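Only one structure is covered here, and it is reproduced in the block below.
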């Protein structure tokens, strides 16, 4: 075998194989850890149930606060969490709004600030919303309050997940 | 006795040049407060590092009692602060040091800026310094959640909401930080703990090493 026929020199061959093997070993170390770390992004989301929250007979034109609890599975920790909805009736239509401010996630309250009656008010950065959840121009929030999926069965209001209005 | 131990080791490993190279060098007159009092502004970098060392030490000791678990985290902090001897001091060191390190770093940045020390050939060290600044902010953000009280929880709700508002990668970033697309809970706390105690300090030590090697290599910038 003459040396001239080799297009790849001994040194190059060694460089390629060693980087190849080294790269393979490094990938073997890093891959499990990377997949481990990004697991929450790739896990399928839990299916959401509907929860009984209020009686239709109790609803008024004015948004009222209703708390409802459900079992939440947070990885290895299961607990009963309480969520709040502001529900009102508009003719036959039932509107249930999430109290989570669409600015940065604080909690809004109905009619909580004397200066702004009949509005949802957020104490963190003074975000405000109309009764139907529309954000008021000039305040920090950029979209309306999220609206719960609602369903009425036998005079009881069931709520699903809170979805963006736009 | 100590001298003899030193000599015995030095005889075999020749350690004198090693520590000389690190510790034994002249402080130029224009950065020495003993010569010009106004030169104290050159101390802010060293003070930042000094507080960083305190943060690392007090943090190490805090983990002897702290548990990153949503059921017990708050109680463990309350216990270590209220029941353990000097607990209030050790936690206080970590709490106040966290703010002080930002203040010192800011003053150090101002000094570097107004003495023009970031100019050629030290541009790279400025860049590394800015990276250190971001790592420090990350440490502040992740550490804030660990006591798992209402203030910590809602500060993190807001912080993650800010992360989520970033275009395109926002939601991904939030899920990666929180450990769950919806819930800020058990996995958020363990992740923040891991980031606060292992990932960011690791990055910080690497960046600090680069920062210090560069300043030794290039020397302190000249007088104004």
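Each residue's number is its place along the chain shown, starting with 1.
Cβ coordinates are placed from backbone N, Cα and C, and glycine is handled just like the others.
Unlike curated entries, TrEMBL annotations are predicted automatically.
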*Feature transmembrane segment in TrEMBL, mapped to one of the ranges B:170-192, B:193-215*: B:193-215
*asked:* Quick test of the contact rule: Cβ under 8 Å, at least six residues beyond the ends. What residues does that give for the transmembrane segment (B:193-215)?
replied: 49, 52, 56, 59, 63, 68, 122, 124-125, 128-129, 131-132, 135-136, 138-139, 142-143, 146, 177
*Distal contacts, the transmembrane segment (B:96-114) - CB-CB under 8 A, six or more residues away*: 41-42, 44-45, 47-48, 51-52, 54-55, 58, 126, 129, 132-133, 136-137, 139-140, 143
*Determine the mean pLDDT over the domain 'Cytochrome b/b6 N-terminal region profile' (B:5-224), rounding to the nearest whole number.*
95
*By Cβ distance under 8 Å, which residues at least 6 away from the ends of the transmembrane segment (B:39-67) in the same chain are close to it?*
30-33, 73, 76-77, 79-80, 84, 87, 90-91, 93-94, 97-98, 100-101, 104-105, 107-108, 111-112, 115, 146, 197, 201, 204, 208, 220
